[in-house]
Amino acid sequence: MNLKHKWDVYSRLTRLDRPIGTLLLLWPCLMALVLAAGGMPDLKVLIIFIIGVVIMRACGCIINDYADRDLDSHVERTKSRPLASGEISTKEALLLFVILGLAAFGLVLLLNGLVVKLSVVGIILTIIYPFTKRVTNMPQMFLGVVWSWSIPMAYAAQTGEVPIEAWWLFAANWFWTVAYDTMYAMVDRDDDLKIGIKSTAILFGKYDRQIIGLFQIAALFCFVAAGWSADRGLVYGLGLLTFVGFSTYQQMLIFGRERAPCFKAFLNNNWAGLVLFVSLGADYLF
C-alpha cells in the first residue's frame with residue numbers, strides 16, 4: 001500500500017473526508033466555550049478544544065467501525081468502509097485509535113484537573129457507544145451523552161466549574177442529537193432490521209416523525225433556558241427562531257421516510273448548529 005492509498009484509507013476510517021460529524025460535534029462545544037467565557041474564550045482553550053474535537057471524532061469513528069466491522073459489509077451505505085472491506089487490519093485500526101486517543105489526552109493535560117477527570121469519562125463513553133447498538137433500542141440516546149460531553153468539559157476548562165447553564169446546554173444538545181441521529185438511522189432502517197442492529201428509528205416505528213418533533217421542541221426549550229440563564233438577548237433569540245425554521249424544514253424532508261431526503265434532513269442540522277453558534281457569538285457583540 002503506497003502512502004497516497006494509506007492516507008485515503010485513514011481519512012475514510014476517521015471520516016476526515018466527511019466532516020459533517022466533526023461539525024455537529026464542534027458547534028455545541030464552541031457555544032459552551034462562548035457562554036462559559038461570556039464572549040470570546042481563552043485562545044489556548046479554544047485551540048485545544050477545536051483540535052480535540054477533530055481528534056475525538058476520528059477516535060469515535062475508528063472504534064465504531066471496529067465494533068461494526070462484521071455488520072457493515074451487509075449495509076449498502078457502509079460496506080465500503082476500510083475495516084468492513086478489509087483495506088486495513090483491526091490491529092492497525094486499533095493502533096491508530098490508541099495514538100489519536102493519547103494525542104487527545106495530551107492536549108487535555110494542558111488544562112486543569114477537572115477537565116482531565118471529565119475527559120477520562122468521555123473516552124470511556126466513546127468506547128462503549130458502538131456496542132450499545134447490540135443491547136438497546138436507544139443507542140442514539142447514549143450517543144447524545146457522548147456528543148454532549150464536550151460541553152461540561154468546555155465550561156470546566158474556561159471557568160473551573162460546571163454551572164447550571166452548562167447542563168441546560170447539555171440537555172439541549174442531547175435532545176437535538178437524538179433527533180438528528182434518528183433521522184440518520186432512518187436511512188439505514190431497512191438494512192438494520194435485516195441484520196439485527198437496534199436504533200430509535202426502529203423503536204419509534206410509525207411515530208418516528210412525531211417523536212423527533214418532540215425532541216426538537218425539547219431541544220429548543222433547553223436552548224432557550226441556557227440562553228436565559230446566561231442573560232442572552234435578541235440576536236440569540238433570532239438564532240433560535242431560525243433553528244425552528246430548520247427543524248420545520250427537516251420535518252418536511254422526513255415526511256415520506258425516503259432514504260435520500262432523510263439523509264438530507266440529517267445534513268441540514270449542520271446549518272442549524274452553525275446559525276446557533278453564530279447568533280450566540282453575535283449576541284455578545286451587539
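Backbone N, Cα and C atoms are what each Cβ position is placed from, and that goes for glycine too.
Outside the transmembrane segment (20-40) by six or more residues, the chain places 46, 49-50, 53-54, 56-57, 60-61, 147-148, 150-152, 154-155, 157-159, 165-166, 169, 172-173, 176-177, 180, 226, 230, 266-267, 269-270, 273-274, 276-277, 280-281, 284 with a CB less than 8 A from a CB of the stretch. Feature annotation from Swiss-Prot assigns transmembrane segment to 20-40 (among others).
Per Swiss-Prot, transmembrane segment is recorded for 43-63 (among others). Among residues of the same chain six or more beyond the transmembrane segment (43-63), those with a C-beta under 8 A of the stretch's C-beta atoms are 13-16, 21-22, 25-26, 29-30, 33, 93-94, 96-97, 100-101, 103-104, 107-108, 110-111, 122-123, 126-127, 129-130, 146, 150, 153-154, 157-158.
Per Swiss-Prot, transmembrane segment is recorded for 96-116 (among others), and the stated evidence type is sequence analysis. Note on the transmembrane segment (96-116): residues 10, 13-14, 44-45, 48, 51-52, 55-56, 58-59, 62-63, 66, 123, 153, 156-157, 160-162 of its chain, located 6 or more positions outside it, place their CB under 8 angstroms from a CB of the stretch.
Long-range contacts of the transmembrane segment (142-162) within the same chain: residues 24-25, 28-29, 32-33, 35-37, 41-42, 45, 48-49, 52-53, 56, 60, 111-112, 114-115, 118-119, 121-122, 125-126, 128-129, 132, 136, 169-170, 173-175, 177-178, 181, each at least 6 residues beyond the stretch ends and with a Cβ under 8 Å from a Cβ of the stretch. Under the heading transmembrane segment, Swiss-Prot lists 142-162 (among others).
Look at Swiss-Prot and you will find 167-187 (among others) tagged as transmembrane segment. Within its own chain, the transmembrane segment (167-187) has Cβ neighbours under 8 Å at 24, 28, 31-32, 35, 77, 140-141, 143-145, 147-148, 151-152, 199-202, 204, 208, 211-212, 215-216, 218-223, 225-226, 229, 247, 250, 254, 257, 259, 262-263, 265-266, 269, counting only residues six or more beyond its boundaries.
Swiss-Prot lists 210-230 (among others) with the feature transmembrane segment, giving sequence analysis as the kind of evidence.
Residues or ranges marked as transmembrane segment by Swiss-Prot: 235-255 (among others).
Annotation source Swiss-Prot lists transmembrane segment at 266-286 (among others).
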